[in-house]
Amino acid sequence: MTAYSPADSNAEARLLSGGSDPISDTENLLDLAYEVGTSSSDNTRYDRESENDEEEIGVGWEDTTSSSLNKRMCKSATFHDFCDDSEYSRRPVTTLHEEDFDEEEEDEFEDASDRRNLDEDDVEYEDEDDEDDIVVEEEEITPEDIEHSPTGVTTQTTPPSNNTSKSKKKKKRKSDEEDGLRKMKKSSTFASFLNMFVSRRRSGRDSGERLMSRSTCMLRPSISLSVVQESMILGSDGESVEVSPCTSDQTPTGVPPRYIVNVKMRQKTARKWSEEEIQKRLSLPADLRLPVAVVDKLNRTPTLDQPLTRKNRRASLSEIGFGKLETYEKLDKLGEGTYATVFRGRSILTNKFVALKEIRLEQEEGAPCTAIREVSLLRNLRHANVVTLHDIIHTDRLLTLVFEYVDRDLKQYMDSCNNAMQMNNIRLFLYQLLRGLAYCHQRRVLHRDLKPQNLLITAKGELKLADFGLARAKSVPTKTYSNEVVTLWYRPPDVLLGSTDYSTHIDMWGVGCILFEMIAGRALFPGGTPTEQLGLIFRTLGSPRPDRHPTICEKPTFYPYANRHYNPDPLCRQIPRIDAHGFELLMKFLQYEGKDRVSAAEAVKHPFLRTIAVKCCHLRDEQSVLEADGIHIERELLASDHHHSSRRHHRGTLVKDKYRMHSSHHT
């Protein structure tokens, strides 16, 4: 055994310096716990064996007075028991079940320390009281075990092992050594209480230190790291000012300043946004051209440079003037329907014409479902062959949809050219119609109301799908929809028979009817009622056959037509100027079974449209087909031209007849 260390002596002296109540000074107890835990291996333990070994310690028991002996023994027992109880506190906690831990045993453990302090003159306890005596088994603790603990005192404490002594032997101790041993027992009881008190105080602090050590262990000093932020501040020499994020050596988080990354500030350069960048950033339509004054105003808006959120986007659009009724001027009325009225207007922002679709809001029902569908679908469709929704204005009584203005539709276009369109223009319009439908079908949007009145034709010759009031998104799996869709002339036979289970093929039948009308100049199936419409279809295409058209023939509404047999009337006789490829594509559109109809994506690759598809296959969705090389609209022979041509032909005939009459008379 080695000699008793002076560090241990100082720690013991600090423990006993508090007088009769050493618990009052909490800081001294914590310091003592740290000294015990951080002592090196050279500071060896001091136990009862070292007290009794006169040769190793160097100080004999007989060299000291009786009072100093008692004080020294009391002091040694206190320090030893403190370390001994630290060893107990490092042991795992044994959790007892509620049924195993009796309240009577808990009271016995709490009152154990009081019973150890009984004087030697106390009366002898009864047999049932002798069972409450608790003797603490003290184990030795080595300095190596103490060094493994970070603080010397752990946060978990376990009650000392209870060995109930049932011995009835009560002898009076007469020697000073026996008296000192009894005081050592008292000190041992106090050490247990002291250890429990310190452990409870240390439990909260250790948890905070573990969190702090867990956070600081991830920090490493690095010279190569640097963060550059933008600022308008420059130094006196014209260079950027290097700013430290902390003004003192002590940071708020307790991290040393050497771990803080240096932040260099540089001058912020004002970025100027172009019109195309603003349109892309604010998701504006491609055909909407902002004036120069509006672009300059947006460049001065601080929200444009900030990260784009929904709130910042709305703020920027409001700065421009979107969402405000005063931005648009109402001019004249274009048409009126069940729920809405369409006006021609002018945008004060861009000084261009727009179409204002005013939807009346009922006080109880609110906005009609057709308007909600149209808004929800069009706001996500951005294509050159789909009409563009510019703005939405909501008031108490009206919901105004602002569209791009197109002055005529396909029906008006066919009437203007006396229903005799150029074949090149027919191919070009059909390709644009299929291109827009393929875009919508790819996004699982069904138009469900295709007709020439809903296909807008611009002055350049661009075709745009419009009036998505009956459109809806197709869900997966296929849902049942209403059969009261599509104008009667362009409604497929399965829908006429009451089918509500359909998909994108509902639009392809209407494409075939529109193609025939552009070529022939008249409607293919102009029925007045659903029954008359089905009769026209069966007489033209022939009666459905159960082996080839089971979906049609199994419908209960088909029974009145089951006994009627019609032979098909070849359509090629009605449209003689169409070629074989065009007629083949037309018949692929007009199929009884919806699954047999060609899709829009397949139709654009058909040989009838190959010359246009080759030149337009590289275009983006937002680009018009007229931007491709070699694609243009041919000049149509208008109705006025037909009238003037007939008058010239009539005048020429009169001149010839007059010349013949003059010649014969002269003869």
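Positions of Cβ are set from backbone N, Cα and C atoms, glycine also.
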Candidate sharing the ATP site with Leu334, Gly335, Glu336, Gly337, Thr338, Tyr339, Ala340, Thr341, Val342 (per Swiss-Prot), from Lys324, Lys352, Lys357: Lys357
Sorted by sequence, non-Leu334, Gly335, Glu336, Gly337, Thr338, Tyr339, Ala340, Thr341, Val342, Lys357 residues with Cβ within 8 Å of centre, ATP: Glu358
Cβ-based isolation winner (fewest other Cβ atoms within 10 Å) among the recorded positions Glu336, Asp449, Asp467: Glu336
Rounded to the nearest Å - Cα separation of Ala340 (ATP binding site) and Asp467 (Mg(2+) binding site): 11
Cα-nearest neighbour of Val342 (ATP binding site) within the listed recorded positions, Asp449, Asn454, Asp467: Asp467
Residue among the binding-site residues Thr338, Asn454 whose Cβ has the most other Cβ atoms within 10 Å: Asn454
Cβ contacts of Leu334 (ATP binding site) (under 8 Å, same chain, 6 or more positions away): Val342, Phe343, Arg344, Ala355
Cα proximity to Thr338 (ATP binding site), best match among recorded positions Asp449, Asn454, Asp467: Asp467
